[in-house]
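Novice: Below is a structure I'd like to ask you about.
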């Protein structure tokens with residue numbers, strides 16, 4: 001699977017095209033399954049009947065008003081978190097850097113809680129506030145990563161991130177204890193889930209996702225150069241400081257958007273680049289391409305499982321991503337030598 | 001090196017036979033080394049070395065703990081004067097005050113003292129074992145394991161087994177997992193801790209999973225377990241913790257000498273006569289049991305295990321592992337944190353776990369950020 005050593009470029013290009021095809025097929029399949037299966041009584045048979053022309057009002061409503069938006073939002077969240085994870089790992093040169101693990105998501109969640117307690121209503125302000133919080137969290141994390149000593153040790157950065165998110169989490173809990181109204185508004189958001197999100201939310205974050213996408217396209221090449229080291233990058237005509245700031249901005253936009261819709265979801269930004277890198281090798285440009293199908297694939301799969309495993313109720317998505325992400329974290333840490341990105 | 005190996009433990013009397021002592025200090029046969037008091041019973045041929053600084057620290061911490069306890073008993077929704085508190089403790093107050101102090105506040109105070117002491121003791125043991133001041137049971141996932149199992153028994157999955165037993169099983173499972181998964185990279189360094197964070201995340205998710213499966217009332221009953229609270233704790237668990245804490249403290253003091261040596265490299269420790277592996281296993285076992293019993297009472301208030309030993313270490317000399325001082329400091333921190341949680345935002349009560357996280361989080365970050373010099 002690791003194609004780093006493949007000599008002829010034609011061979012791995014062919015192989016990576018195969019991989020892309022497989023992943024896209026899997027993504028389509030998972031999306032269809034996500035439309036077919038749910039916690040309610042409408043099963044695959046009714047949904048398939050809908051296609052063949054039956055007029056089952058309940059099935060129609062559930063599929064088009066509940067499951068289709070949910071699937072779309074799952075795809076958007078998966079893309080955003082996966083790409084953000086890959087970017088953050090490339091910028092901090094740390095295979096453990098993950099928006100949830102390093103406290104970026106916690107920063108967004110904290111900002112939203114703060115705004116709610118200060119009197120904003122949940123619907124209006126959530127997205128920009130979450131993005132601002134994510135930006136502040138990003139800046140904190142990266143300035144810590146550039147501190148002497150901490151930045152050289154990926155694992156220590158993770159510990160700092162865990163402490164940071166723990167602190168922000170308890171501060172949020174404190175504020176919500178104090179303000180019952182805000183607690184009611186936010187209770188179902190802080191756990192991280194795709195359930196009950198409306199399509200309007202997706203339209204609201206779409207502009208920022210597009211802006212971030214454009215930014216990623218701009219900085220993909222310079223980031224690949226930055227992987228060679230700062231000197232090599234500036235020798236090749238790039239400006240490392242500027243690239244880093246642009247990347248941080250993109251991460252903040254992406255994580256803020258994903259958190260604003262779905263709440264803080266941990267470990268997706270770790271697992272997706274991990275899988276993508278295993279397929280694509282060390283080049284950040286190819287890794288980013290592979291994050292596009294892998295992210296939604298993982299988020300949608302976790303979401304489907306979260307619907308069926310405790311049916312008729314549902315499980316928060318964050319629980320499932322933690323269950324599948326923590327083993328990956330341990331696997332990365334257990335590797336004999338942490339790969340420096 | 002020889003000093004560290006041979007001499008007394010943090011403020012604890014260690015009997016030396018005077019003959020052995022004579023051999024060591026040849027010139028000044030009876031004078032105590034600098035910084036020590038020597039209490040001798042010549043008739044029985046026994047002398048005892050007490051470290052002055054440890055003695056002062058322990059007495060000071062005990063006094064502070066006592067003062068905090070009186071404060072804890074007097075503050076609340078009804079403020080009592082310290083005199084009234086003391087009077088009702090000895091049974092001479094009026095019936096209302098006596099009821100409030102003895103029935104309402106005292107059980108909670110005892111729970112706070114016991115849990116704080118147990119967490120901090122477990123923390124100092126684990127830190128010494130891993131030679132890393134960040135390796136507290138809470139950070140490496142043992143708290144979460146114990147919580148997950150205890151919640152399982154509350155929501156009715158573990159048929160009728162009491163929470164303390166289940167917490168013990170959970171803590172053991174988490175410890176085995178963390179140490180097993182980190183075995184390739186050793187207990188030193190940060191990889192071990194991140195493996196623990198991963199294990200903790202899994203158990204945290206499992207706890208959420210179980211809470212999502214049950215009815216809302218049961219979930220509310222289990223909620224304190226997820227943040228850590230001292231509100232209305234079961235008396236049986238507190239009793240069990242008291243017994244465990246007493247035994248654990250005695251065992252830790254008995255292990256103090258090998259603990260002091262475990263801070264060195266393995267080769268040095270075994271060269272000075274410690275069975276390193278056996279010592280590690282004993283210390284680990286003790287730490288896990290103490291954590292489990294404390295979690296069964298208060299839920300995961302893991303950061304006390306970081307703060308207590310930090311305070312004790314900054315007060316004590318680096319010569320010994322400050323076992324007793326850490327225990328006292330942990331109890332002190334827990335009592336103060338719960339007092340703050342009860343009174344600061346009254347009538348809303350802040351769970352003690354949130355208070356310690358708000359205070360301990362920045363401290364943890366500061367430890368991580370500052371330049372690395374000293375080790376436990």
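Placed from the backbone N, Cα and C atoms, the Cβ positions cover glycine too.
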Novice: Looking at B:23-48, B:283-308, which stretch does TrEMBL describe as transmembrane segment?
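Specialist: The range carrying the transmembrane segment annotation in TrEMBL is B:283-308.
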Novice: State the non-local partners of the transmembrane segment (B:352-369) in its own chain: residues 6+ outside its ends, Cβ under 8 Å from one of its Cβ atoms.
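Specialist: For the transmembrane segment (B:352-369), the nonlocal Cβ contacts are 112, 133-134, 227-230, 298-301, 303-304, 306-307, 310, 333-334, 337-338, 340-341.
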Novice: Using a threshold of three or more Cβ pairs below 8 Å, and leaving out pairs closer than 6 in sequence, do the transmembrane segment (B:283-308) and the transmembrane segment (B:106-126) count as in contact?
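Specialist: Contact confirmed: at least 3 Cβ pairs fall under 8 Å.
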Novice: Tell me, please, if the transmembrane segment (B:55-75) and the transmembrane segment (B:283-308) are in contact, taking contact as 3+ Cβ pairs under 8 Å between residues separated by 6 or more positions?
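Specialist: They do not touch: fewer than three Cβ pairs between the two stretches lie under 8 Å.
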